[in-house]
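Below: the structure, in structure tokens.
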């Protein structure tokens, strides 16, 4: 097999988002002495991990979206963005993960030219939705903490829905070039055989993978992470400053408000950390392979690194519900309630709020909801009006 083709086929199904190669597996490029171990890993361990990722990811994300849709008190700005994250993850879990899993059992690309064009677009769209939504979430936390007078209104929720839709549109548009360049090609194997595979760019083009890997790293990782870092720098600076400049008579109330805001910022930061941890290995591995286009490492160790990077990238689609479950007591109670059939809706039985950008929403045990207006104090000491549903 020519080195170029080998490089294409062995690249990870990660950051280039076109690297789904069910027709070719890293085991095809291993020395014969390593293939027994590789076969065990590929036939037993990897499919089990994929099945676990799909099952856990779908359960967590679908329940998360259901909780937000069925509890009106939770339809806040940050929750809309979190639901957007979950929707993108569900799309990835239902399409890309099963297709990638098939590569360990099929010797040919079985999804045709349409699948070769569509699957890379879906994966890149999902990653775009994730990273751009995390950036929007960080911007929302920045406004909520640095500009505390900007209180959430019903119009803000509608505008956030528009932003979420815009994120999907932008993500799809940025992913369209994947469909343009991806193609099904016939590849010569090591054992004088050949197979069909979906490759992300023409086999003879050595410049394309370098440009592609750098652009993907910048647009889907480095630039958003830089923006998020700037937001959190200002968030941290504001929280530290406000902690030393609170009026004494409002200290107790404002302290609770500050704790709530810090908790919300912490949740978003955990989401960002999970994304970085899961996707960074794929970015590095893809750029390494793109800039060493004419070389290939057929060792078992290299195959394991590739598989770990691939599995990590898909794990990002199921970790957010777990993070929310651990960090939010209210979500944890709602989630447990959803899993217990036959019980009354949790929103009818207990006070609840999950993530609210500024207004505090409560539900009553014994009476219908009614609105009252109260005065509250924000971290800069100003008194503002805040609506509570009791």
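Glycine residues also receive a Cβ, built from the backbone N, Cα and C atoms like all the rest.
Quick caveat, the model's predicted, so the values are computed rather than measured.
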Exercise. Do residue 43 and residue 68 come out on the same side of the membrane in Swiss-Prot's annotation?
Worked result: no
Seminar exercise, completed: Among 118-138, 181-201, Swiss-Prot lists transmembrane segment at 118-138
For this session: Match it up for me: which of 9-29, 156-176 does Swiss-Prot list as transmembrane segment?
Result: 156-176
For this session: Can you check how the pLDDT averages out over the topological domain 'Cytoplasmic' (329-390)?
Result: 48
Seminar exercise, completed: Ranking 45-65, 118-138, 211-231, 306-328 by Cβ pairs under 8 Å to the transmembrane segment (77-97) puts first 118-138
Exercise. Counting only other Cβ atoms and using a 10 Å cut-off, which of the disulfide-bonded residues 116, 198 scores lowest?
Worked result: 116
Exercise. Counting by DSSP, what is the helix, strand and coil composition of the topological domain 'Extracellular' (98-117)?
Worked result: 11 helix, 0 strand, 9 coil
